[in-house]
Amino acid sequence: YVAAVYEHESILSPNPTALVDRRSALELMGRNLDVYEQQVVAAARQGAQIIVFPEDGIHGFNFTRSSIYPYLDFVVHSHSVKWNPCREPYLFNDTEVLQRLSCMALKNKIFLVANLGTKQPCEHTDPHCPSDGRYQFNTNVAFNDDGMLVATYRKHNLYFEYAFDTPPEPDYKLFDTPFAGKFGMFTCFDILFFEPAVNLVRQYNLKQVVYPTAWMNQLPLLSAVEFQQAFATAFNVNILAANIHHPTLGMTGSGIYTPVKSFIYHNMEGYGGKLIVAEIPVITTDYKTSLEKTPDRVSEKGNEQLSPTFYAEMMYDNFTFVPVWGEKGELQVCANTLCCYLTYQRAVLTNELYALGVFDGLHTVHGTYYVQACALVKCGGLSFSTCGQEVTDATALIDFQLWGNMSTSYIFPLLLTSGITLDYADHMGWKNNHYFMSKNRTSSGLLTAALYGRWYEKD
């Protein structure tokens, strides 16, 4: 099928905490919706059957609970109500944004997924009801090619979004398409948690996911395109991921991903939006990860004791590292219960320092979640203290096998190359209670090769 995602440079309110009336809010959102409309037309011309827009793309961000209120549409959050906002605009008040999105889908005969703020009145008899008598949700909506509202999803894992409420229960939301079967949806920070993202994909055996996001890149392990690809690979799904484009805030990185191929956009230099259209296969069977090249255990009397262990902060966590010196070698580094192993060979020795790092613990900055990571990273400079810094360019071509005795079965394989481009491992999978990935010769200089394990039970 042909899919489209649009990385949108949203037109933002100059003062998001100021209180404005509904008319002013609609005027600002209308300017973003005008851009959406042009992109829907462009995508449909290229044969796209579905288009996905980013999180916060219509209203922006940094609101307070009261300042966002005029920007919120009313949406009925239930399966029982069948509603086509374009054809039945007068059914509910405060649905102008939904109406426009619905009409775009209808006019262009395309499935459309977008993210907006929504409100829902609640009774004080509801124990979860906020004191102002209403819920405010960060919501994804999906329309079919007739403009019918076919699914709404309320973001569960909010990322410092004080304007919004967490829904009382996680939403598992799917919609059906004639061209690719069922799609699931979740939003941004959700991708790092079991509920609802992982549970949704597993429970419904989903093969297609739509993913609006407003993601601030954090290298070396959590750049948007890097983790989007890892999720598609780990769960054997197609992901249509749309990010917003605000390079000054570190926000860029969208793509259409299959487990073995990706069409991405990552641009920290330029301004303006970007439409990606790609034809991808409907996944019907599982890709088998081939295990014919399995790593040998690192020999006890290898050269690993020659490498000094050092500590450096990476992703706000205290990683234990060993330097990756020389043109080839075998290394091991451990922390808590996790040991990481690397065998490597460099094509040419370059003047770049690499290190093998391990972290097994609770990550506590910008969210709390338990990580088990084995990571081969390029350091920012030649001193140990630069390991873990954000690096975007590299020249070293390295053949490697990386493996670890992970305690969780949820491993996201990260493979990022120079210029924030993506590569795919030759082989990966489980072997003797170790998860491994191997690669002969990356397509360009290696930035990060990592096994990023999420131990959800220990969150």
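Easy rule for this one: first residue shown is 1, then count along the chain.
Each residue, glycine too, has its Cβ placed from N, Cα and C.
Taken from TrEMBL, the feature domain 'CN hydrolase' applies to 15-282.
The Cβ of Glu55 (active site, proton acceptor) has 28 other Cβ atoms within 10 Å, all protein chains considered. What TrEMBL records for Glu55 is active site, proton acceptor.
According to TrEMBL, the active site, proton donor annotation covers Lys155. Taking Cβ-Cβ distances under 8 Å and a sequence gap of 6 or more within the same chain, the neighbours of Lys155 (active site, proton donor) are Glu55, Phe137, Asn138, Thr139, Asn140, Glu161, Phe164, Phe186, Thr187, Cys188, Phe189, Asp190.
For Cys188 (active site, nucleophile), the number of other Cβ atoms no farther than 10 Å from its own Cβ, over all displayed protein chains, is 25. According to TrEMBL, the feature active site, nucleophile maps to Cys188.
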Message: Averaged over the domain 'CN hydrolase' (15-282), what pLDDT does the predicted model reach?
response: 97
